[in-house]
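Pulled from TrEMBL:
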DOMAIN    18-397  domain 'Major facilitator superfamily (MFS) profile'
TRANSMEM  12-34  transmembrane segment
TRANSMEM  54-72  transmembrane segment
TRANSMEM  84-103  transmembrane segment
TRANSMEM  109-131  transmembrane segment
TRANSMEM  143-164  transmembrane segment
TRANSMEM  170-189  transmembrane segment
TRANSMEM  219-238  transmembrane segment
TRANSMEM  258-278  transmembrane segment
TRANSMEM  285-305  transmembrane segment
TRANSMEM  311-332  transmembrane segment
TRANSMEM  344-366  transmembrane segment
TRANSMEM  372-392  transmembrane segment
Amino acid sequence: MQDRHRLLKEPSLNYSLMTVVLLWSGLVIMSSLYITIPLLSTFTAAFQATTAEVVWTSSAFSFCFAIGCFFYGPLSDRFGRKTIILAGVSILAFLSLLMGFITDLSRLILFRGLQGAAAATFSPVALAYIVDVFPPHKRVMTIGFINTGFLIAGISGQLFSSYISQHYGWHLIFHLLGAIYVATAFLIWQCIPHNPVSSNNVRIRQVFKQMGTLLTQKALLCSYTIALTLLFSFVGMYTVLNNYLSSPLFGFTTQQILYVRSMGIIGMLISPYAGQLVEKHGSFFVLRTGLVLAISGLLLLGISLNLLCMIISSILFVTGIAIAAPTLIALIGRLAGSARGAAISAYTFILFTGASIGPIFALNVIEIGGCPLSFAALALCLCAALAASFFIRMDDEANHIRKKA
């Protein structure tokens with residue numbers, strides 16, 4: 001047993017370098033989820049398709065990503081965290097390079113789904129790797145940085161694809177991403193040490209059974225309800241925002257839309273400090289504050305009529321999501337106890353299921369009542385999440401879950 005955990009106690013590990021590499025990896029890998037959001041109008045023109053059809057270039061990625069999160073955690077228990085991450089990033093690089101040559105929408109959607117399945121190797125496995133390898137006093141801050149990378153990807157992915165598409169065409173986006181993923185795979189291979197394989201007898205069926213048990217608990221069920229709305233509203237908001245700002249009401253140029261999107265990064269900078277806020281004010285207060293900020297941002301977006309108000313509203317919304325997401329992860333981990341791995345896998349699946357249906361929902365509401373109504377509908381979904389937070393009891397439920405898991 002001591003030999004198995006010797007690596008975990010190795011003082012020579014460069015945790016700062018490992019954190020930087022994991023942060024970079026999370027940033028560039030998760031950027032793939034968001035790169036097609038600003039390209040919907042481009043794809044509509046290029047493929048002579050409807051917006052409802054091209055939105056699947058985003059939703060297919062999210063849906064396959066969500067499904068993949070169910071399986072890669074248990075596979076990494078059996079084959080090792082680094083092995084699964086490295087395999088996924090390598091496949092993602094290969095797929096991205098091929099996508100630069102695609103000329104029809106159906107194949108693009110298919111490959112976006114495959115991209116999502118490959119990208120799913122990182123998020124749940126990297127979080128498990130941090131818990132395995134990093135000492136306890138470094139874990140919370142490291143997870144905070146990784147979550148910041150995930151969130152910034154929501155902005156940087158859109159900025160990257162918007163700029164490249166505007167100046168060089170959308171095909172180059174995937175060629176460049178392929179090259180970036182090759183470099184990222186090399187960094188992971190060189191800088192991230194292997195961790196001991198925890199079990200050679202892990203069965204995915206057992207993990208699903210454990211997840212089923214967890215979903216019978218009211219506290220976790222309410223937590224997952226909140227999780228469903230986070231990326232649902234995040235991806236949905238930026239889908240609506242792109243349509244809103246480019247509409248005749250505003251008539252923003254591509255550069256102005258790019259500027260508004262980029263300002264959202266300001267709101268994400270608070271994410272690494274969510275742990276400190278929780279220590280000072282408690283999980284529930286921080287979670288609910290984040291949801292209230294996000295709701296307020298969405299409602300203000302629906303009534304804002306100038307650039308400054310749009311920027312402030314988007315920053316407010318992103319700040320709320322940036323606070324709520326890491327707080328919810330920590331809360332679910334505490335509620336699940338020894339079943340933390342299965343609980344986080346279920347969380348990731350539900351989170352990205354929300355991301356897959358968010359843009360579809362948002363666009364359908366736009367067709368019914370316009371962009372302001374879509375912002376309001378997304379805010380209403382977050383209101384449901386806020387209400388669900390008041391049905392979570394920590395102490396009694398956590399003890400009950402630990403006994404059953």
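Backbone N, Cα and C atoms are what each Cβ position is placed from, and that goes for glycine too.
For the transmembrane segment (219-238), the neighbouring stretch richest in Cβ pairs under 8 Å, chosen from 84-103, 311-332, 372-392, is 372-392. Within the same chain, the transmembrane segment (84-103) packs against the transmembrane segment (12-34): three or more Cβ pairs sit under 8 Å, each pair at least 6 residues apart. Sequence-distant contacts of the transmembrane segment (285-305) (same chain, at least 6 residues past either end, Cβ-Cβ under 8 Å): 226, 233, 237, 240-241, 244, 274, 277-278, 312-325, 327-328, 331, 371-373, 375-376, 378-379, 382-383, 385-386, 389.
Only residues 6 or more beyond the boundaries of the transmembrane segment (54-72), in the same chain, are considered here, and those with a CB under 8 A from a CB of the stretch are 32-34, 36-37, 39-40, 43-44, 47, 84, 88, 105, 108-110, 112-121, 123-125, 204, 207-208, 231, 235, 239, 345-346, 348-353, 355-357, 359-360, 363. Within the same chain, residues 33, 37, 51-52, 55, 58-63, 65-67, 69-70, 73-74, 120, 123-124, 127-128, 207, 211, 214-215, 223-224, 227-237, 239-240, 243, 328-329, 332-333, 336, 373-374, 377-378 sit at least 6 positions outside the transmembrane segment (344-366) and bring their C-beta atoms closer than 8 Å to a C-beta of that stretch. Residues of the same chain lying 6 or more positions beyond the ends of the transmembrane segment (143-164) and with a Cβ under 8 Å from any Cβ of it are 19, 22-39, 123, 126-127, 130, 170, 172-173, 176, 234-235, 238, 254, 257-258, 261-262, 264-265, 268-269, 271-275, 318, 321-322, 325-326, 329.
Contact between the transmembrane segment (170-189) and the transmembrane segment (311-332) does not hold: fewer than three of their C-beta pairs are under 8 Å, each pair 6 or more apart in sequence. Across the domain 'Major facilitator superfamily (MFS) profile' (18-397), mean pLDDT in this model comes to 88. Tertiary proximity for the transmembrane segment (109-131) is limited to same-chain residues at least six positions away from its ends with a CB under 8 Å from its CB atoms, namely 22, 25-26, 29-30, 32-33, 36, 56-58, 60-69, 72-73, 76, 81-82, 84-85, 87-89, 91-92, 95-96, 98-99, 102, 139, 142-143, 146, 150, 192, 195, 329, 340-341, 344-345, 348, 352.
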